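Trainee: Take a look at this one; I'll ask things after.
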Amino acid sequence: MTRPRPLLALNWKMNKTPAEARAWAADLAAALTPGGAELAVLAPAIDLPVLAGELPAGVALGGQDVSRYEAGAYTGEISAGMLRDVGATYVIVGHSERREYHAETDAVVAAKARQAQAFGLVPIVCVGESLDVRERGEQVNFTLDQLRASTEGVGENLIVAYEPVWAIGTGRTATAEDAEEMAAAIRGALAGLYTAGAQSFRILYGGSVKPDNIASICAQPNVNGALVGGASLKVADVVAMDNALK
Ligand SMILES: O=C(CO)COP(=O)(O)O
């Protein structure tokens, strides 16, 4: 079976104004060449309308978070319908930064994923262990428990991103073997949770992915792409990562 095109999902986090987003999109359009990954830009909500008009054809858009509610008195929240309306097709749910700084529980993450799917968005559900869990050697059990709880009632049209917390923004990447070990375990768990075939799920790795390590990580049999933070901000790095996946 030929492998599906990898997904290069670019999580800008809280970076780039709309004007900066516009310039980034123009630079990307000038530098991107065909034949690489499927690209998705996961931008601050305020940048999405600008990007929708400026991104090169075929580059997808997504949000970084979504409300678990449909509409109403939830000051500061962005709904799934709003994201969909500006052209998003993906949304991250349960990023470790939201779990940590905004006290999001697995139940909240699952509610957000269900809400995203109700509006036709594909949730990118993030899971992954902290350093103390890894040092105890409990990373597989921890991450699979988190996955099951974060996908409660969630349909099968989802992407799972394995992002070990100790590798995010630290320059300390999991080895390709660590990423593969967990991606394989996640695939096995998804096959048990859903009726779709195990190979139909897309599983991403995230945590200090850069142009020089993306190819070896994405070459792992169970890794279908990367969720990239820091290296998503510079077009040159994005193009280098995309070229590395050709
Ligand atoms: O959190 C991440 C992507 O969601 C990873 O961030 P870095 O690539 O900056 O380590």
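Here the Cβ of each residue, glycine as well, is placed from N, Cα and C on the backbone.
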Trainee: Kindly point out which candidate in Gly36, Gly53, Gly169 is recorded by TrEMBL as part of the substrate site with Asn11, Trp12, Lys13, Ser208, Gly229, Gly230.
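Mentor: Of Gly36, Gly53, Gly169, Gly169 joins Asn11, Trp12, Lys13, Ser208, Gly229, Gly230 in the substrate site that TrEMBL records.
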Trainee: An 8 Å radius from the center of the Asn11, Trp12, Lys13, Gly169, Ser208, Gly229, Gly230 Cβ atoms defines the neighbourhood of the substrate site; name the other residues of that chain inside it, in order.
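Mentor: Leaving out the recorded residues gives Ile168, Val228, Ala231, Ser232, Leu233.
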Trainee: Name the residue among the binding-site residues Asn11, Ser208 whose Cβ has the smallest number of other Cβ atoms within 10 Å.
Mentor: Ser208
Trainee: How many neighbouring Cβ atoms, not counting its own, are there within 10 Å of the Cβ of Trp12 (substrate binding site)?
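Mentor: Result for Trp12 (substrate binding site): 21 neighbouring Cβ atoms inside 10 Å.
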Trainee: Under 6 Å from ligand 1 by C-beta, which of these binding-site residues make it: Asn11, Trp12, Lys13, Ser208, Gly230? Sequence order, please.
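Mentor: Asn11, Ser208, Gly230, in sequence order.
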